[in-house]
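Undergrad: Not my notes, these are from Swiss-Prot:
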| type | residues | note |
| --- | --- | --- |
| ACT_SITE | D329 | active site, 4-aspartylphosphate intermediate |
| BINDING | D366, E370, F397, S398, A399, K400, T401, R402, M403, S404, K416 | ATP binding site |
| BINDING | D539, D543 | Mg(2+) binding site |
| REGION | 1-28 | region 'Disordered' |
| TRANSMEM | 57-77 | transmembrane segment |
| TRANSMEM | 90-110 | transmembrane segment |
| TRANSMEM | 245-265 | transmembrane segment |
| TRANSMEM | 276-296 | transmembrane segment |
| TRANSMEM | 599-619 | transmembrane segment |
| TRANSMEM | 635-655 | transmembrane segment |
| TRANSMEM | 681-701 | transmembrane segment |
Amino acid sequence: MNPDAPTPKNKSSRSRPSDRPQARKKAKIKTKGIYLRAIGDAFVKLNPKSAIRNPVMFLVWVGTIITLSVTIEPNLFGTTQQKNPQLFNGILTGILFFTVWFANFAEAVAEGRGKAQADTLRSTKSETLAKLLSPDGKITDVPSTSLKQGDTVYVVAGDVIPADGEVIMGVASVDESAITGESAPVLKESGSDIASSVTGGTRIISDELIVRVTADPGKGFIDRMIALVEGAERTKTPNEVALTVLLAVLSLVFLFVVATLPVFAYYADTPINVPILVALLVALIPTTIGGLLSAIGIAGMDRVAQFNVIATSGRAVEACGDVNTLVLDKTGTITLGNRLAEEFIPINGHSIEQVASVAWVASVFDDTPEGKSIVRLAEKLGIRYDLDPNQAQGVEFSAKTRMSGTNLPGGREARKGAVGAIKGFVRSRNGRITPELDVAYEQVSQQGGTPLAVCLDNEIYGVIYLKDIVKSGIRERFDQLRRMGVRTIMLTGDNRITASVIAQEAGVDDFIAEATPEDKISVIQREQAQGKLVAMTGDGTNDAPALAQANVGVAMNTGTQAAKEAANMVDLDSDPTKLIDIVSIGKQLLITRGALTTFSLANDIAKYFAIIPVIFASANLQSLNVMNLTSTNSAVLSALIYNALIIPALIPLALKGVQFRPLTANQLLQRNILIYGLGGVIAPFIAIKLIDVLITLVGLA
């Protein structure tokens, strides 16, 4: 029961305990399918057109072709003095092949998750018959695919909404579980800025609507989401492009170094075969991060999708990691939104107990959190009646009446609702409105609460004070953001005194009271003028300019079409609080990329000490063979086997992301160097030595 908004959805219906084993089973089957599809896709990505998009792995791909050639013809580049060169070159070719394949597999697994989500979205699309409404009121059944922007359709209970649109007449409950996963229906009505947008593929479960189509065939919300999560040509983010260029430059430097080695080797009387040169190049270039870079970026979008948020691009997710300022609405983001009964205020000479009694009767059939809180507050005062459900009848809240209540035996009527609605109800029954009601109304409003008037028949007994509760743990989350250098600004329509109290309780850095939609744009522009990146949420048409202005704009799925088109992310659950989680995911993406880059470059140090000393053994460089590797063949194979296996070993970390901690930039740098820098040096030393021992045991040294 909320006279100012649709009935809240029941979040508890989302996952019952009995559903969880089946859900886990489905998840396991889905994951298995992703990996099976990725195996095939990894082979498809071996074609040159795909391989050349990754400069680092393309060098490995070319090296594989070269070693395959010398496996077939060992003397292709001159006479070799190796023992059994075809066996060594064949093993080397196999290792290089799997190095490329593992990198492709990592990218294919990350892409597979997006394809699985696209399949889920595609399953909601079905061609149905739509009731096309002509200007003269005639209804014609037409295929939904023939609808175009501007058409008007009529939908009734049980119908699937044929296309995206705006409600222009009617009020109805809509099941959006096919898109959001939320089983509770959502109220849609005309004339509401945030509840008038409907999505094709959802189903009406009660009443009827007249909808104006806002999207041509193939350009609806679901179509756009499928294209986004399944797009074959993923646009790299600016940071990803910069890192790719850096890795390519490093690879070219190492290529130049390796290309000049034969000259030095000739004067050192230590000739180097072409397969060894290829192996040395592959060992030195940053193949680990080169093989996982695409997977990290794709997985970032996937982690956002797991929160039921669709990002228009990886650029949007990455921008979240650089956000400096969050602009947040108070209601639903900082406060619960489901206001709870705080106090009964009597008027017209009535007592608190009398107000509580009428409020209890008017709310006893109300199953919303607000209605239940009114009953609880009344029962704390000792109020309770034994109502016969067969004789009393509950009256549900509706957007038209803006009130709810109970019809009692004998024709008596108890109602609660918006003050204006109750005034109209009482006047229609020849009741009297006193100035005390307006005084109580202002008293509650000045405290930032919502006033509900309570009446029995044509007599108003008093006002219920509904208080908006600050969300539990929100202060700690803002503290975490503050430690990361993210500033929070609360926008609210409340007066300055109320806004100040809530801001202090929630722990935001700044607030703007009595805010208008224009204030949102002003705040965003002010912060951006200071060189900051800004994120915000919105759902109404009046939020669209601010969503477009923000670096990260998250639109609610229940919002208007204009808001969703202006934003670069859409939250299918319509939960504004998710903005905080999205920012954390963006920062986790950047941290993961930085950590694995550090680890990959540190790996090269160990591989350098593994191969160089044994290649130039006759040049008195054995003192650098700190791992005491058996032979040149053993050192090369050990380093490259490690080089290949570390890629699949790090796939789970690349997909899941490095554990995120709210630390400062200096603390993050120190942590990365200690764990992934030092660890990246030590781990390959140990692994390469163990592999060398195994190779020696099987006689390949």
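The backbone N, Cα and C atoms fix where each Cβ goes, and this holds for glycine too.
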Undergrad: Under 8 Å between C-beta atoms and at least six residues away from its ends: which parts of the chain pack against the transmembrane segment (276-296)?
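TA: Contacts with the transmembrane segment (276-296): 54-57, 59-60, 63, 66-67, 92, 96, 99, 102-103, 106-107, 109-110, 234, 240, 243-244, 247, 250-251, 254-255, 257-258, 261-262, 589, 592-593, 596-597, 599-601, 603-604, 607-608, 610-612, 615, 632, 636, 639-640, 643, 646-647, 650-651, 654-655.
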Undergrad: Taking a Cβ cut-off under 8 Å, which residues six or more beyond the ends of the transmembrane segment (245-265) line up next to it in the same chain?
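TA: That would be 55-56, 59, 271-272, 277, 280-281, 284-286, 289-290, 293, 615-616.
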Undergrad: Residues with Cβ closer than 8 Å to the Cβ of D543 (Mg(2+) binding site), same chain and 6+ apart in sequence?
TA: P517, K520, A555, G559, A563, A566
Undergrad: DSSP secondary structure for D543 (Mg(2+) binding site), reduced to helix/strand/coil, please.
TA: helix
Undergrad: Compile a sequence-ordered list of residues in the same chain as T401 (ATP binding site), six or more apart from it, whose Cβ lies below 8 A from its Cβ; state 'none' when nothing qualifies.
TA: G417, A421
Undergrad: Who are the chain neighbours of the transmembrane segment (681-701) in space, where the CB to CB distance is under 8 Å and they lie at least 6 residues beyond its ends?
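TA: Distant Cβ neighbours of the transmembrane segment (681-701) are 88, 91, 602-603, 605-607, 609-610, 627-631, 633-635, 637-639, 641-642, 646.
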Undergrad: Let me know how many other Cβ atoms fall within 10 Å of the Cβ of the residue listed as 'active site, 4-aspartylphosphate intermediate'.
TA: 22
Undergrad: With a Cβ cut-off under 8 Å, give me the same-chain residues at least six positions beyond the ends of the transmembrane segment (635-655) that come close to it.
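TA: Apart from its flanks, the transmembrane segment (635-655) reaches 88, 91-92, 95-96, 98-99, 102-103, 105-106, 109-110, 113, 276, 279-280, 282-283, 287-288, 291-292, 295-296, 299, 302, 592, 596, 599, 603, 607, 610-611, 613-615, 629, 684, 687-689, 691-692, 695, 700.
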Undergrad: In angstrom units, rounded to an integer, how far apart are the Cα atoms of M403 (ATP binding site) and D539 (Mg(2+) binding site)?
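TA: About 24 Å separate the Cα atoms of these two residues.
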Undergrad: Quick one: of D366, D539, which of the binding-site residues has the smallest count of other CB atoms within 10 A?
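TA: Counting other Cβ atoms within 10 Å of each of the binding-site residues D366, D539, the minimum falls on D366.
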Undergrad: Between F397 (ATP binding site) and D539 (Mg(2+) binding site), find the distance joining the two CA atoms and give it rounded to the nearest Å.
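TA: Taking the Cα atoms only, F397 (ATP binding site) lies 23 Å from D539 (Mg(2+) binding site).
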Undergrad: From the Cα of D539 (Mg(2+) binding site) across to the Cα of the residue listed as 'active site, 4-aspartylphosphate intermediate', what is the distance in angstrom?
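TA: With distance taken Cα to Cα, D539 (Mg(2+) binding site) is 11 Å from the residue listed as 'active site, 4-aspartylphosphate intermediate'.
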Undergrad: Translate the DSSP assignment of D329 (active site, 4-aspartylphosphate intermediate) into the three-state scheme.
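TA: Looking at the DSSP assignment, D329 (active site, 4-aspartylphosphate intermediate) belongs to a strand.
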Undergrad: For D366 (ATP binding site), what is the secondary structure state per DSSP, taken as helix, strand or coil?
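TA: Reduced to three states, the DSSP call for D366 (ATP binding site) is coil.
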Undergrad: For a quick check of packing: other C-beta atoms within 10 Å of the C-beta of F397 (ATP binding site), how many?
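TA: Excluding its own Cβ, the number within 10 Å is 23.
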Undergrad: By a simple count, how many Cβ atoms lie within 10 Å of the Cβ of K416 (ATP binding site), its own Cβ left out?
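TA: Its Cβ has 29 other Cβ atoms within 10 Å.
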